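Reading through the structure tokens given below for one structure.
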Amino acid sequence: MRRAPRLTLTAPTKAARRVIAPYVKVIRKRYKAPIVPESKLFNKHLDRKPSVLLRDLTSFLSDNVDLPSLLHESSDVLKVTTNAHGVSLYLVESATGEIYQSQRYFDIPEPRVRWKVEEGTIVAAHVASKKEMVMIDDILQDERFPMGIGQKDQLTKAVLCVPVVTPDGDCFAVIELFRDTSQEPFSEQDSKIASLVTGWMGAAIYQNLQRVAVHKKQELNDYLLELTKVFLEEFVPMEKMITELVKFVKVTLAAERSAFYLLDNESEELVADVYEKGIEETEGIMKYNSVKLVGKENEIVASVAKTGLPVNIKDAFNDPKLGKEIDSKTGFIVRSILCMAIKGNNDVLGVIEVVNKKNGCFMKSDEILFDVFATYFSLVLQFSNLNSQLKNQEKMNSVHMGLLDRQVGPCIHDYNYFMRNLKVKLPSTFSEFKWYIPDELINELPLLTYAIMNEFCQPDELDVGNFAKFILARRKFESKLPFHNFEHAFDFCHCMYNVLKRNEEMFTPIEIKALLIAGIGHCVDRDKCTTNEFLIFTHDEIFQLYAESPWQNYHYLIIARLLEQFPIFKNISKTDYKLFMREVKQCIIDTDLRNSFFGKNARPIVGIARAKSFNNDIPEHHYLLKSLCLACCDLSLFTKPYLVGRKLAENLNHELWKEGEKIKQIKPNCILMAFFDSSTQHNMAEQQLNLIDNFVLRAITLLKYFLPNTVDFFNGVLALRKTWLDIIELRGRKIWKQEDSYRKKRLGNP
């Protein structure tokens with residue numbers, strides 16, 4: 001098999017290396033700027049511009065590799081290698097779709113002669129359009145190119161025109177080699193040499209531009225990220241941050257003007273505050289408030305704001321949206337525009353715009369960098385919006401709390417009555433667990449609470465006036481629920497009073513006061529529902545605030561606010577007051593069934609009882625005892641006489657049934673527990689007996705074990721249990737009634 005002829009370079013080896021080597025080794029080590037430690041001050045940080053701002057952007061884009069000069073040098077070597085009479089280098093502007101001849105030894109700001117990249121003009125324009133090599137033996141005889149070549153020479157005959165195409169299909173340049181009439185046409189060997197060299201050139205240029213774009217994007221990312229961190233940490237005003245970013249965009253993208261439009265999304269019209277950086281570097285940021293984005297000059301911005309889609313106009317003269325009019329604001333002609341939306345979660349927050357690229361038009365790489373800016377603008381705006389909302393909410397909270405403080409203050413008549421009757425006489429059976437509030441003492445509950453509290457305080461320890469305001473304000477938070485109301489709170493406090501009265505030595509003075517205050521406040525303002533589970537099920541705002549024990553945390557929030565507004569203790573130290581409030585919070589939290597004896601505290605306290613190892617001096621044992629006392633006092637309705645206990649149980653059932661109805665409305669197919677199902681109300685006796693046997697007696701029995709002098713509590717539960725049991729046993733029996741006999745006689749029955 002015959003081998004294909006080996007490609008050899010007739011030019012000297014040194015010349016060949018000059019052609020290919022720059023493109024093979026164009027990836028060089030970049031200059032690494034020293035790492036400057038992060039400044040804590042925003043103004044100092046602004047002085048730390050990244051290297052992209054410290055160097056000419058054109059040279060930075062090529063990473064200090066002057067590609068036009070390199071292309072000229074390579075073209076000259078190709079001229080020697082292919083024995084051409086002359087060579088021309090054409091650079092392609094993909095944005096405008098034009099090609100122009102590059103001058104090597106003198107600089108022309110704007111090429112004087114340009115050709116559209118199309119067929120039917122010059123050879124280079126045809127090659128740039130087709131992206132294919134053209135080899136012509138006689139240019140004058142080829143009708144495809146009526147304008148010949150760009151280099152006007154009467155002796156030009158043979159032409160070899162080769163495109164420099166990158167791997168992604170972009171034609172970057174065109175190299176045009178030509179020979180005069182005294183020379184032979186180009187050979188196949190010449191075309192292979194040219195193809196080889198331009199292939200290397202295209203691949204290397206593409207790789208270099210991609211690498212530089214990545215490094216530039218990374219450098220901008222690092223700088224903007226650090227700048228944003230300083231902004232977030234130091235709460236720099238948003239206007240100052242926007243001002244710096246608008247300046248930064250203008251310099252980085254080499255634009256003549258930059259502007260940012262901060263949209264007012266609450267307005268029915270398209271309105272924005274405009275931050276604009278002028279043409280001159282000495283000009284500051286101009287700000288225009290509440291500008292309506294209407295009219296031709298803002299048509300692009302309005303379109304981006306409405307659609308959220310970026311716009312890159314590379315030739316404003318040929319764009320119907322702009323035309324050739326002079327911009328009314330700046331007085332200069334708009335040549336190119338790059339405009340992009342700043343997006344939040346769902347809305348367009350603003351629009352950023354740069355006008356007139358200094359070196360041509362805005363390219364794809366500019367769009368990528370612009371997108372980076374848009375991301376950081378979005379972070380700044382969203383953070384600023386959230387921070388503004390937070391501050392507004394804090395102000396609103398302050399207003400609401402002031403309103404609440406004024407509203408919860410007691411009625412002057414109630415306050416005066418309280419202060420005139422401080423020496424209230426406690427009922428004779430007040431020290432019994434079975435005592436309950438008679439109707440004639442309902443209005444005296446604040447005074448009875450004061451009497452309870454005062455019994456455990458030193459003389460003059462209580463601030464009587466503030467305590468009166470505190471307890472009267474607490475009563476104003478009366479719940480509309482039939483069971484969890486102020487009466488139940490007082491009953492809880494009364495039961496705790498009897499436990500503490502019998503075992504005062506087991507608790508510290510601060511703990512005693514905290515247990516009593518927790519009792520009076522453990523269900524304050526509970527009016528939406530009864531259980532934490534319903535708050536969780538409906539994803540209520542209280543649950544969103546407090547994922548654990550939502551009701552209990554809410555109750556403590558109110559009690560803490562009332563105690564802050566009406567300090568009930570005189571001359572208490574900060575340390576003791578802090579300890580007191582911590583105890584109050586923990587006690588209220590422990591009234592949650594998940595935390596109390598019926599929750600996580602059940603197993604350890606039962607274990608202590610079985611092991612007979614209780615020691616009140618051990619902090620864990622002491623805490624579990626307090627938790628047990630709270631659980632039992634919350635069950636005080638089960639130690640009352642039957643008529644009172646039944647009424648309280650019915651009130652609680654009505655709460656649970658109403659909650660069950662709400663659950664069924666939300667989720668009709670769910671199966672309710674018996675306590676929440678009103679259709680089971682005929683089984684009330686069985687339900688109460690089941691509750692006593694499986695829950696109440698377990699807690700009360702342990703309380704009797706740890707505190708034997710609370711046996712009356714235990715006996716009261718047993719008495720109520722016996723009554724419910726008797727009702728169940730009597731159900732279904734035939735019981736003689738006098739009215740039944742009278743009715744039968746009148747009907748003539750024996």
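Each residue, glycine too, has its Cβ placed from N, Cα and C.
Predicted, not measured: the structure shown is a model, and the values here were computed from it.
Cβ contacts within 10 Å of His484 (active site, proton donor), excluding its own Cβ and spanning all protein chains shown: 22. Feature annotation from TrEMBL assigns active site, proton donor to His484.
TrEMBL lists His488, His522, Asp634 with the feature Zn(2+) binding site.
Feature annotation from TrEMBL assigns domain 'PDEase' to 404-731. In the predicted structure, the domain 'PDEase' (404-731) carries a mean pLDDT of 92.
Taking the mean position of the Cβ atoms of His488, His522, Asp634 as the Zn(2+) site, the remaining residues of that chain whose Cβ falls within 8 Å of it are His484, Ala489, Asp491, Phe492, Gly519, Cys523, Thr591, Cys633, Ser636. Within the set of binding-site residues (His488, His522), the lowest number of other Cβ atoms found within 10 Å of a Cβ is recorded at His488.
In this view, Asp634 (Zn(2+) binding site) is surrounded by 23 other Cβ atoms within 10 Å of its Cβ, with every protein chain counted. Cα to Cα, His484 (active site, proton donor) and His522 (Zn(2+) binding site) are separated by 9 Å.
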